[in-house]
Each structure stands twice: as C-alpha cells, then as structure tokens.
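Visitor: Annotated domain 'Response regulatory' per TrEMBL: 2-118, in sequence order. The 4-aspartylphosphate annotation in TrEMBL covers Asp51. The domain 'PAS' feature in TrEMBL is assigned to 137-207. The annotation domain 'PAC' is assigned in TrEMBL to 211-266. As annotated by TrEMBL, coiled coil applies to 257-305. Here TrEMBL flags 314-567 as domain 'Histidine kinase'.
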Amino acid sequence: MKVMLVEDDPVSLALLKKALGKSDPNVITARNGAEAWERFTSEQPRVVISDWMLPSMSGIELCRKIRAEKTKGYTYIIIMTAKDQKEDVLAAFDAGADDYVAKPYDIREMNARANTGKRIIQLEDTHQALQQKLIISRTKVRTVFDALPEEIISVDRKIRLDSINKAALKIMKGSYSEIIGKPCCQLLEESESDFYENTIKQMVQDGFKTRKTSTTLDRYKDANSQEIIKERTIIPVTREDGAVQTVTIVSRDITEAHQHSEEIRALNQKLKKISSELIKKNLTLESTLKNLERTQAQMAQSEKMASIGQLAAGVAHEINNPTGFVSSNLKTLGDYQTDMNRLIEEYQSLKTGLKTLPFGSLPESISAMIAKLEATETEIDIEFIQDDVNELIDDCREGTERIKKIVEDLKHFAHPGEDRMTETDINKGLESTLNVVYNEIKYKATVVKEFDDVPVVYGFPQQLNQVFMNILVNAAQAIEKSGRITIKTGQVDQMVEVRISDTGCGIDATHLPRIFDPFFTTKDVGKGTGLGMNIAYNIIKKHNGDIRVESAKGKGTTFIIRLPIYNEPGDAGTPDGGVATSA
Ligand SMILES: Nc1ncnc2c1ncn2[C@@H]1O[C@H](COP(=O)(O)OP(=O)(O)OP(=O)(O)O)[C@@H](O)[C@H]1O
Ligand SMILES: [Mg+2]
C-alpha cells in the first residue's frame, strides 16, 4: 500500500521515512503542497501523512483537495503540526483529516498511527470489494426478479411494500419510488385489491407467526369481467436469527393452465363416458350375438322339426293310399280265401262220396282223376296251405296296421302346421316320440313304459315331443352297450309328471349345474351341439313347467318334467323354472 509523506523539512522527512521503512518503494515523498498534489494524482497513495505548514499549498488545503477529488478508494490522511489549539485540531478534522499528530511527535507513535491508517484502508478496501460484490449479486437478483412473469411483492408486518418486481408493478398505481414503503392495499388496481385487503392480512400474520410457506387460490373478475385465477404463495423471509423480516407474496396467473386442465378433465370425463358406453355397447353386442346364435340354433332345430312334420305328412299321404288298398284287398283276399276253402271242402266231400261207390262202378277216367287229385293234394300239402293262407293274410293285415300306426305316430310326433297351443295328451306324445326314435334306442336299451292315465296339458305338442325326443336320444347315447330306459307318467298335485330314467353313464356332479346351459356338451365335436337340453329347458319354461335332473355318476340319470294340467284355455299355472340336482 502506497504511503505519501509530505514534509518541507528534509531532516524530519528523512526521520519519518526511516520510521516507515526507508527502502520501502511504497513510501513516496513530497516537499511542498503542489508536489504532494501532483504525486497524489499520479500515484494515488492510500495513506497521506502531511505537515500542516507547507510551501505553495498547506496540508489542510491538500487535505480538502484530496477529499474533493474523486478517488478510486478512500485516502487516510494524518495531519502533523505544532499547532495544538483545539480549534486547530477541529479545523484539521473539518478539512477531512482522519488523524492528527502534534509535533514534536514520537516516531513509534507516528508509525503506529500510520499502521492504523493502513488497516483502516485495508478494511475500507475489503468493505468496498464486498459492496461491489453485493451490488453485482443484487443486480443479478433484480434482473431475474424483474424477468419473472410471477408478480412478486415483499411486505413488512404492516403490509407495507418492501420490494416489488416489474410484473407486480403493473398492478400498482404509481411508480417504484412512489410506492415503496407505502401500505400495499392502497396501491393496488381495483380488481386486485380484494385479495390484498381481505385474505392477505391473515396470511401475512400467519407467515410471521408460523414462518411457514402457504399457498392459496384466488379467483376474481378483472376489469373486463373475465375470471382470473391466481395461485398466491406466501413465503416468510427470515433474518439470520430466524425472525421473520418480510413476507414475500408470489402470485402466478394460472387462469389458462386451469382452463386447460378443466378442458382436459372434461375431455377425460367425456372419454371415460364414451369408453364406458363402448364397453356397455360391446357387452350388449356380445349378449345379442349369443342370443342370435342361440335363436339361430333353436330355429334350426324347430325348422328340422317342421321339415320332419312336413316330410311325415307327405310320406303318410303317399303310404296311406297303397296301405289302404293293400288293406282292403287283403280283406277281399280273406273273403275269397274263405270261399275257396268252402269250395275245396265241397270238392273234397265230392271226392270222398265218389270214393265210397262200389269198386268198378266208376269209369276208369274218373278214378284216374281222383288219384291225380289226391296226389296233388299230398304234393302241395293242401291242409297246410289252407291253414297258412289265413295266417299269412292275418300277418299282412297286422303289417298294414303297423304301417298305419307308424305313419300315424310320425304325423302325431311332428304335428305339422301346429303352431298354437292345444290340449295335449302327454302319453300319446311320449308313445309317438318313442316310436320315432325307437330305431336309435332298440339296439341299446329295453324300454319300460309305466304310463298312468294322466290328464291333458295345454301346450305345443310338437315342441313337447321335441323335449321327449332330446331326452330319449341323450338317454340312449348315455348307455354304452345295453341298459334300460324307463318312462313313467303320473299326476303330482296339479301337474303331470314325466320321469325319463336311464341306466347310462350318469352326469358328473360338476357338470350338473351347466346341463341346461346353451352349447354345453361333453360329446365330441360334431357329435353334440350342446343345445338339446337348453331347448328342452326353454320349451318347458314356455309351458310354465319345470324340468330338473337327478344323476349319479356311473348309475344313471333321471329327467323329471312337470307340466300344469289343462283346466281351461289359457290357465296354465306358474311353476318354477328348471333346476339340476345330484342324486
Ligand atoms: N341322460 C344323460 N346321461 C348322461 N349325460 C347326459 C344325459 N343327458 C344329457 N347329458 C349331458 O348333458 C350334455 C348336454 O346335453 P344336450 O342334449 O344339451 O347336448 P348334447 O347331447 O351334447 O348335444 P345335442 O345338441 O346334439 O343334443 C351332454 O353332452 C351330456 O354330457
Ligand atoms: Mg342331446
């Protein structure tokens, strides 16, 4: 650090220089005021030790001049003089001196005072440097502070404005210098004041008390009646000792973001609604598709029944005519045979009469004819023929009767054109169905019929026969080699009950609850569609009846159907739907 010694007396100057470090290049000297000023301006010493009385310019004047000059750093000035009056001392300080040393001085004291000056200058420099740094960092902070889009306002405990950034300045009435230190509420534009007048007080007070940051949403209308939403964050700013000095309020306009999030929320909700509607529609579609498949399959079954009916009606018509004339011809043939037998008997009594005549009384030719007749009788076994012809005719009659019955059963089973409910004889339906499916059953099972004389039910005979057929076919299919199918009818309360049991493989207990489900089958692909029991279930339900199954694996199965007895048209009763139970 440069030190300038100003002294006109060369001895004093030499002594002084010695005391401060003779060969120290930082110590410069001047012998008069003018030289001192010149060296000061050119070399900028930081400590000046000057005599008061000097040629060309006094030490006091030099002091004033230095103080008036704008220097880079502070200059510490010590004035030396023999003047020891108080006024003189005061005059020196008044001129800007920092210290005063009375002559004659002690050289060590002078050195110590010079060192104090150096220390003060060092402190001053440090202080300057820190201040400079502070200014730079403040400028930086300020720049960022002002560049932020958020409105930032700092207030003291009484909500007086401490600092404000550019964004917040826009909502204030007045310039920066006009508003600092003033109560915040009075400075605000109309639309903003509500929050600062009502909510802020409490929040600032809480901030001072709790030292915790808090956030709130503030909604209000601007001058154009547009809704504005601001997020207000209250940040207590503490001193080193932890006490809150100011509270900073950061306001962020989130109107647009809020609107976007509202829009997104609305869109999301719409999307949710659409997707749930889609799911619903999908489910409806799936169930419609299932229903369609079911209906299609059922229709195919009904159509099959209707075609069987139609075919049966045609076949019956075609068979009935020839059967009719075969049957009537057989009757005529029988009558003719009776006549022929009568004639044969008469021929034979004639032959016996002729043979009783005395030997030789008959011409030889007649005797030869009788012999030939008897030979033919023996040859053709006329007695056997006479007996057998009748039997044959009876057999033929029985055959035509059977043809008639089969045709009748076929017609009854299929009931072509029967599309309305009618009084239905269950025993008859079972009988005709059995005859139709007998071919399927006869190689595997003996059929035991235990029919009671049951009252009629009201229903669609063709459909009920379809139920019996599906159950009987299943029963036959359940029997592997040979078994028994028992068909029982009877009356239970006001219901006609049909029990169809088989000694087949039985149904697995886990399958029982699914037996009436559409498409449930345990049969190989192509062998079973799994619709037989579902169709049966639906038909019985349509008749207000009840169908259930009892089964034991390996022992057999019984299907029990109950149908309401017919009282008068339309009165069909309302029993429960089908259930499956394991025996
Ligand atoms: N009497 C029975 N004995 C053993 N199992 C049976 C009997 N009746 C029905 N089932 C079981 O119930 C299933 C469903 O019967 P359903 O008649 O509905 O269909 P399916 O016979 O498999 O096919 P289809 O549509 O050709 O009738 C059968 O696959 C079989 O497993
Ligand atoms: Mg079946």
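Cβ from N, Cα, C; glycine included.
Map these features onto the structure and tell me what's around them.
Guide: Under DSSP, Asp51 (4-aspartylphosphate) is assigned to a strand (E or B) in the three-state scheme.
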Visitor: Are there any residues in the same chain, six or more apart in sequence, whose C-beta is under 8 angstroms from the C-beta of Asp51 (4-aspartylphosphate), and if so which?
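Guide: Correct list: Val6, Glu7, Asp8, Asp9, Ser12, Gly59, Ile79, Met80, Thr81.
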Visitor: Going by DSSP assignments with H, G and I as helix and E and B as strand, what are the residue counts for the domain 'PAC' (211-266)?
Guide: 12 helix, 30 strand, 14 coil
